[in-house]
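Trainee: Under the heading signal peptide, TrEMBL lists 1-27. TrEMBL lists 34-117 with the feature domain 'Inhibitor I9'. According to TrEMBL, the feature domain 'Peptidase S8/S53' maps to 144-609. Positions annotated as active site, charge relay system by TrEMBL: Asp153, His228, Ser565. What TrEMBL records for 211-231 is region 'Disordered'. The domain 'Subtilisin-like protease fibronectin type-III' annotation in TrEMBL covers 680-779.
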Amino acid sequence: MASLLPPCSLIILFFLNYNIFCHGTTANQIAKAYVVYMGSSNNINGQVFDIGATESSHLKLLSSIIPSQESERLSLVHTYNHGFKGFSAVLTDKEAAVLSDHDEIVSIFADTTLELHTTRSWDFLESESGIASNHQYPQHASGGEDVIIGIIDTGIWPESPSFNDNGIGKIPSRWNGVCMEGSDFKKSDCNRKLIGARYYDTREDMIKTESNRTLKSHTGSPRDSVGHGTHTASTAAGVMVPNASYYGLGHGTAKGGSPSSRLAIYKACSLAGCSSATILKAMDDAIKDGVDIISISIGVSSIIQSDFLNDPIAIGAFHANEKGIMVVCAGGNDGPDAFTVVNSAPWIMTVAASNIDRAFRSNVVLGNGKIYHGSGINFSNMTRSKSYPIAFAGDVASTMTPLSESSNCYPGSLDLKKAAGKIIVCVNTDPMVSRRIKKLVVESAHAKGIILINEAEKGEPFDSGVFPFSEMGDVDGAEILKYINTTKNPTATILPTVEVPKVKPAPVVASFSSRGPGGLTETILKPDVAAPGVAILAAMIPPTEKGSVPPGKRPSKFAIKSGTSMACPHVAGTAAFIKSIHPDWNTSMIKSALMTTAIASNNNGKPLTNSSDAFANPHEMGAGEMSPLRALNPGLVFETTTKDYLHFLCYYGYKQKIITSVSGTNFTCPANSIEDFISDINYPSISISQLEGHRTVRTITRTVTNVGQKNATYVAKLDLPRSGLIIKVSPEKLVFADKGSKTASFKVSFYDKGLTKGYKFGSVTWSDQVHFVRVVFAVNVV
């Protein structure tokens, strides 16, 4: 049957993630969406900002470069005018290049696609803090009602019990946001908990056909149709919901990090991803609406990172921070490789993912009686009383299929007659084929179940619904394959998932969690902290996928998900909790408190490890596993100011003219601005990208503010595990007196013995025997 869509529409659908728009442009150029960033909305001359006049100016600018015969493109997709200035519009590459030379333009970049990156988790964090539950601060202070968390994601499912507003007071009078209605979302869906909800044209909505028709999808509503946004929102600030579970797994009281805080939802993403222009618009609106914290579990691919002023999240976060709004972002899911961390600007709180002391086990029982403890979430009806034939995927391949494809369970790689009725063993030597795809391939071959040999992800349970699934590492996988190859009629069964409590060691840095050092600069240590992001139970939209609901069960209101997307709202919720206790603390004080009080040991009392069982380093976990209770009383904090961030931009290499536009002030860059000087901005960690062995001493200065007892003396202690570095801290004591200054500075000098090259890690801890202020460092000896 012929397609009902014109050829251009087919191209649009095929290249959806590349944001291609079809227009009859001159010289056969393809027009696509661009973001035009014009710097701060602050006016150096103190003039009143006129939104109407500004939009007219933007349109006049566009009319100077867009041909008159294409006047349909003479419009603004989005206008940014609250925290910063700019707009997005549909331009050709040539038009964008011409526009980039305009004096008012800071940067112009294509509208790219950004990726979408509980019960026990909060109890685990509290138990690991080492602080008794009857500490001096209430876990969920009533002051949290005045803290507003903005969630930029896929929307919200307002009927979830996690967003009930029982017992919550009036909406703060300073709130300037709205509750937008849609075909399936009414203003009454907002309440005193869910105080705001906005939605935007998603990437599908903005695609134009050559006949100028819009290909519409059902996205005109703040309602979540993906589940990602609902999960992250409830993790950050969901109210307490007793007897929550995912079909019996993870049973307990579900709650967010700050259950009394308000939620403002900005639906900027869909299944197709997130338009960078729309993310920037959502951040601009959040600034205007009056949120205190923005949580963004989204980011660009680590392969295509842009510099800071071509990155929509970095741009929006800079100006949000200017306005006193903390921005917390997921560090990405491209681990365990180095240089994969994203959202790495110093004014962003960048979060890595770790597990908690709970596992979900899906055991495999072979015909010879041996049991292998696999990982996974499945609600199959298999039992030990009945076994099924088991086969290696490479042995049931379809004709002419290479072993490399069939063994990885590529789509179309299995022979249906050979695979039907068997449990299929797949490997994961090609990470391009996801676990979900492998499961669908095996299921569509009418197999009975799937065993996946996957060393990297063996501890991160995949949810396969009712289809039998188990995942295990290379050692157990090799034994299963040996059993298959040495047994005449091999059989096996995959048992339904059981929950395993009090797992040790925990936390462990997840294999998928992106690693530092930063790809843009190694002079800032990223990620900042780690937080629970493996198998997190939180609110979810009603399931619609076939086979996702166990027979005889009602659809669950919760789900178990993994990713730095889940870790990010843990930190955002904790930041809201801290702000409710310390409303006068600025964003950098909260960030510093979370970093310097982070925990570096596991529940075995040993250093934190990664998924390879090696000691985790700061490029994997940042300062360590965040500790909400410890962060309430850090003793000392590092205040990183907007001036520090402007110095960062200067040292990174941006021109003075750009810095002036970004800051909206007459700030002047230092005459000597080189990238190495970034290490000197007052950040709560230290990173030196190049230390020449045997030749130079690199000295870093930091300044702390005392937020603890007025009369206190802090003594420095060094932790240098096998680093080969010589380090001196001066002074070795910081003394604070009742009537003295609240701030003190110290220097850390680094010198290498010249034994080995590469990164060396360690920490400096300042202690008054009550507080332990730990500053981690990473030094690259070249």
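Using N, Cα and C of the backbone, Cβ positions are placed for all residues, glycine too.
Automatic prediction, not curation, is the source of TrEMBL annotations.
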Trainee: Distance between His228 (active site, charge relay system) and Ser565 (active site, charge relay system) at the Cα atoms, whole Å?
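Mentor: So the alpha carbons of His228 (active site, charge relay system) and Ser565 (active site, charge relay system) sit roughly 8 Å from each other.
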Trainee: Enumerate same-chain residues with a sequence separation of six or more from Ser565 (active site, charge relay system) and a Cβ-Cβ distance below 8 A; give 'none' if the list is empty.
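Mentor: Residues satisfying the criterion: Leu116, His117, His228, His231, Thr232, Ser297, Ile298, Ala330, Asn333, Gly533.
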Trainee: Can you tell me how the residues of the domain 'Subtilisin-like protease fibronectin type-III' (680-779) break down into helix, strand and coil by DSSP?
Mentor: 1 helix, 61 strand, 38 coil
Trainee: If you count Cβ atoms within 10 Å of the Cβ of Asp153 (active site, charge relay system), leaving out that atom itself, what do you get?
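Mentor: So the number of other Cβ atoms within 10 Å of Asp153 (active site, charge relay system) is 30.
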Trainee: When you measure from the Cβ of His228 (active site, charge relay system), how many other Cβ atoms are you left with inside 10 Å?
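Mentor: Result for His228 (active site, charge relay system): 25 other Cβ atoms within 10 Å.
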Trainee: For the domain 'Inhibitor I9' (34-117), DSSP counts of helix, strand and coil?
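Mentor: Each residue of the domain 'Inhibitor I9' (34-117) counted once, the result is 27 helix, 26 strand, 31 coil.
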Trainee: Can you check how the pLDDT averages out over the domain 'Peptidase S8/S53' (144-609)?
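Mentor: It averages 93.
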